[in-house]
Amino acid sequence: MVHDTIAAISTAVGEGGIAIIRVSGPDAIEGIARIFRSKINLKDADTHTIHYGHIVDPSTGEQVEEVLVTLMRGPRSFTAEDVVEINAHGGVIAVKKVLDVVLQLDGYRTAEPGEFTKRAFLNGRIDLMQAEAVIDLIRSKSDRAFSVARKQAEGVLSKRIKVLRQTVIELLAHIEVNIDYPEHDVEEMTSAYIRDQCGLAIYEIERLLKTANEGKILREGIVTAIVGRPNVGKSSLMNVLTQENKAIVTDIPGTTRDVIEQFVALNGIPLRLLDTAGIRETSDVVERIGVERSRNALEEADLILFVLNNNEPLQVEDRELLEQLKDRPVIVIVNKTDLPRQLEIEVVEEAFPPQSIVRMSVVEEEGLDRLERTISEMFFEGQLESGDLTYVSNVRHISLLKRAKQSLEDAIEASNMGIPIDVIQIDARTAWESLGEILGDEAGDSLIDQIFSQFCLGK
């Protein structure tokens, strides 16, 4: 149990309508009551109420700021402790002055990054998987990613892990009874039970792991390189996808000298777009550096948008890229379809399947819907809008699920080989502990500290 009281600014520091200071701990209400002047004594206020008043510096009696104070008594709060949130005017100075007064209170200190969420976890308000979902909510780059993170924060995925753990603990209980009272056991029945219970758990784990690739994409985004020779419309495509003039667009080849990066949500799929310098041989030193960086971006990309001009024959650089990209995840964008065709499309179709070729006019913004569908079909088999939003997206969770699955498979193999049941018990317990580590039940202090250190202050 935590015994001190913490405080931090919970909103982004800068100009804005309001700024919020969050306070949590055993002395949250009594402490703030000493510096809050209002018609009501905060110590007597009902939970989940809001009160108007002023923050006063107790050392001078000076009114520091006009505020609204929200009071939430534990355990009916995010941290399961007494929580007070002070709503002050936005801006840097006002909220800093209020925080300075708050931190002068006895027993108060500045919260560490993620400490409010950490207290919610330590106090049993949420499990570790739900806590990690809070990070995903903050970092989500698309509506779909946000919805998946919200479901995880609500405990939807945690419930499935708990059901899995229950299956394994029933197996462990059966094994331990058999070890303690072997005279009551029928060996064939125990072996069959081990296979059935392990098989059931493995099936559920595999169902979760099937969502891992898609979940990881929603969480981290698809690294997408836009490539092509100079002046085929790469930067125009970047600007259309981002709805910003992020990249310079001119008729002069070689305008883009570096890799420009931007996140964009396309039909709910987060893309980390990389607009690369046109790939060609050049004597320009600066452009040559940009071309080299483009080649590096190409190697790291999960998806390549290869742009060709519909109104020009294939150039030497186009043909080199056609050959280079044959075995990569590529969508070929035939741009400028509003102009007469001179492109040898049959050469392109020999190199890439028809479903990966998208005809577009970037200037007219025609063909974007087809590009969205093609990406969805390539990475989500076209099923992005269906399903229950239950995805395993966290690398830590995926690794632990795989470890649990391997332990259960080892238990089945050991049972089939007639290995003593106390050895099989070790495999089953390893699976149970791996699943528990996902929820935080078996997690060590160093892991917990590392996870919460990724949070921002005030969360």
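Every residue, even glycine, has its Cβ placed from backbone N, Cα and C.
Annotated in TrEMBL:
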- Arg22, Glu85, Arg125, Lys459: (6S)-5-formyl-5,6,7,8-tetrahydrofolate binding site (BINDING)
- 221-380: domain 'TrmE-type G' (DOMAIN)
- Asn231, Thr250, Ile252, Thr255: K(+) binding site (BINDING)
- 231-236, 250-256, 275-278: GTP binding site (BINDING)
- Ser235, Thr256: Mg(2+) binding site (BINDING)
- Task: Other Cβ atoms within 10 Å is the metric here; tell me which of the binding-site residues Asn231, Ser235 scores highest.
- Result: Ser235
- Message: Rank the binding-site residues Arg22, Arg125, Lys234 by how many other Cβ atoms lie within 10 Å of each Cβ and give me the one with the fewest.
- Response: Arg125
- Query: In angstrom units, rounded to an integer, how far apart are the Cα atoms of Ser235 (Mg(2+) binding site) and Glu85 ((6S)-5-formyl-5,6,7,8-tetrahydrofolate binding site)?
  - Reply: 45
- Nonlocal neighbours by CB distance (under 8 Å) for Glu85 ((6S)-5-formyl-5,6,7,8-tetrahydrofolate binding site), same chain, sequence gap 6 or more: Ser10, Ile20, Ile21, Arg22, Val23, Val69, Thr70, Met72
- Query: Using DSSP and three states only, what is Arg125 ((6S)-5-formyl-5,6,7,8-tetrahydrofolate binding site)?
  - Reply: coil
- Item | Longest CA-CA distance among Arg22, Glu85, Arg125, Lys459, per record bound to (6S)-5-formyl-5,6,7,8-tetrahydrofolate, angstrom | 19
- Task: Restricting to the domain 'TrmE-type G' (221-380), report the mean pLDDT as a whole number.
- Result: 79
- Note on the structure: For Lys459 ((6S)-5-formyl-5,6,7,8-tetrahydrofolate binding site), the three-state DSSP class is coil
- Item | For Lys459 ((6S)-5-formyl-5,6,7,8-tetrahydrofolate binding site), the number of other Cβ atoms found within 10 Å of its own Cβ | 20
- Which three-state DSSP class does Glu85 ((6S)-5-formyl-5,6,7,8-tetrahydrofolate binding site) fall into? strand
- With H, G and I counted as helix, E and B as strand and the rest as coil, say where DSSP puts Arg22 ((6S)-5-formyl-5,6,7,8-tetrahydrofolate binding site). strand
- Message: In whole Å, how far does the CA atom of Lys234 (GTP binding site) lie from that of Lys459 ((6S)-5-formyl-5,6,7,8-tetrahydrofolate binding site)?
- Response: 39
- Query: To the nearest whole angstrom, what is the C-alpha distance linking Lys459 ((6S)-5-formyl-5,6,7,8-tetrahydrofolate binding site) and Asn231 (K(+) binding site)?
  - Reply: 45
